Amino acid sequence: MWPLDPSRREVLRFAASCRVLTLVLQALFNAFIPDHHAEAFSPPRLAPSGSADQLVEGLLDGLSRWDAEHFLFIAEHGYLYEHNFAFFPGFPLALLVGTELLRPLRGLLSLRSCLLISVALLNSLFSILAAIALHDLGCLVLHCPRQAFYGALLFCLSPANVFLAAGYSEALFALLTFTAMGQLERGRSWTSGLFFALATGVRSNGLVSIGFLVHSQCRGFFSSLLVRNPLRQLLKLMGSVLLSVLTLGLPFALFQYYAYTQFCLPGSAHSIPEPWLQLAVDKGYRIAEGNDPPWCSWELPLIYSYIQDVYWNVGFLRYYELKQVPNFLLAAPVAILVTWATWTYVTTHPWLCLTLGMRRSKSDETLEKPDPGFLSPRVFVYLVHAAALLLFGSLCMHVQVLTRFLGSSTPIVYWFPAYLLQHQEPLLRSLESVPWKPPAEDSPPGQNVPRNAIIGLLYNWKACSRVTRCILGYFLTYWLLGLLLHCNFLPWT
């Protein structure tokens, strides 16, 4: 059980409030704004729906838009179409666990309705726990409780908010990733590797997290060279790196092998109802029955890379077209934020960056007591991770997904704005100095619950600095606009 830390309590309270508000707003937007007719995956519903199902659909159907429909379909029927394999099984499995807990309602509700309820409840829980995990991670890495606190509050107002609530895997991935990072900071590399592996089973970009384990092992290797046998330590390092690669790569490899057994081996096809067969004919979806797909004959038969290439046209610079300018503008704020963070850090610690975070300075003396916060040397590996994701996403992906791609994968998106708020917002220091007493029943004896500085800044919007208004304006605009557009099949994916 977590100790009753005041800042953690406030993060928990704020995260829960934001989750409730998100669910209410998506229901209202979905009810009063007509849906756009989008070319999205929309399989026919075979099971009859009753009045209770219609009520659930009316309240939560906004959570099933765009890619969410893939996850719901997979959870309900499995991987029937080839392009379903673009979506990893971790989140559908979590939804199935949620529906098992709702089994008493199955006499009243269809499986689809139970899955929608699971989406709402589980993603709310995952998002709240991810905010707590980010707060704890910030305390470990930044050694600055205020910046860790502000970063966790900003996560509650994430620009990727709608994807943390809808039937997407981002909330679960953020929880597993931030937890894994925190375990690694505590020196629990085995536990960290387990959580990173689970994250890889949720989203493919979890594979990039192997860099955290390798960097940690390399730091341990260089620090032990002077006191231990170098050859023995080198062999230990090579073994640890190999084990890390195998651990994080195992979920991905198993998923690819499962796809191979379904599409490339005879006798593995499942029977598919006629309406879904007709959908496959109408839309050009490939099913397991029939000719083997071309990727089956590859030397390394990876269905994932084939799907991204053929179905989503993902590849190097493929998205660089004039018609995609609006999507580049949509992704610009988060790209600017991470680029600004990278520039600030590199110009502050050039030697640390040149030595890949292995040496703090040429003399190792100037940073014996480094300033806490975002500019701490321990942030280096997190910044490299964020920059690598930004570079890959900008060059090889549909750029409009950058907001949720980065917002669920790296704490830099929240730590750097927290750093800017603390250092460039004079009003924040005055708000922190104002005494604030919470209701007696909420405050344990001898403890002061911290003021929610983000809410304080919003109340004093006109007095805030330009940087603060840009940061909070970006977070709040995307938080709300994402709900408004995504829940009605408008272009926010």
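The chain as shown is numbered from 1 upward.
Note that Cβ sites are derived from N, Cα and C of the backbone, with glycine treated the same way.
Keep in mind that TrEMBL annotations are predicted by a computer and have not been checked by a curator.
The transmembrane segment annotation in TrEMBL covers 114-135 (among others).
Residues or ranges marked as transmembrane segment by TrEMBL: 147-178 (among others). Under 8 Å from some Cβ of the transmembrane segment (147-178) lie the Cβ atoms of residues 7, 10-11, 14-15, 18-19, 22-23, 26, 62-65, 67-69, 71-72, 87-88, 90-91, 94-95, 115-116, 119-120, 122-124, 126-127, 129-139, 195-196, 198-199, 202-203, 206, 209, 333-334, 372-374, 403-404, 407-409, 411, 413-415, 417-419, 421-422, 450, 452-454, 472, 474-476, 478-479, 482-483, 486-487, 492, all in the same chain and six or more residues away from its ends.
Tertiary proximity for the transmembrane segment (190-214) is limited to same-chain residues at least six positions away from its ends with a CB under 8 Å from its CB atoms, namely 88-91, 169-170, 172-173, 176-177, 179-181, 183-184, 240-241, 244-245, 247-252, 255, 304, 381, 384-385, 388-389, 405, 408-409. Per TrEMBL, transmembrane segment is recorded for 190-214 (among others).
According to TrEMBL, the feature transmembrane segment maps to 234-255 (among others).
Taken from TrEMBL, the feature transmembrane segment covers 328-346 (among others).
Residues or ranges marked as transmembrane segment in TrEMBL: 379-399 (among others). Sequence-distant neighbours of the transmembrane segment (379-399) (same chain, 6+ residues past either end, Cβ-Cβ under 8 Å): 141-142, 181, 205, 208-209, 211-212, 215-216, 312, 314-319, 324, 327-328, 330-331, 335, 338-339, 341-342, 345, 349, 352-353, 356-357, 405-406, 409-413, 415, 493.
According to TrEMBL, the feature transmembrane segment maps to 471-492 (among others).
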Looking at 114-135, 234-255, 471-492, which one has the highest count of Cβ pairs under 8 angstroms to the transmembrane segment (328-346)?
471-492
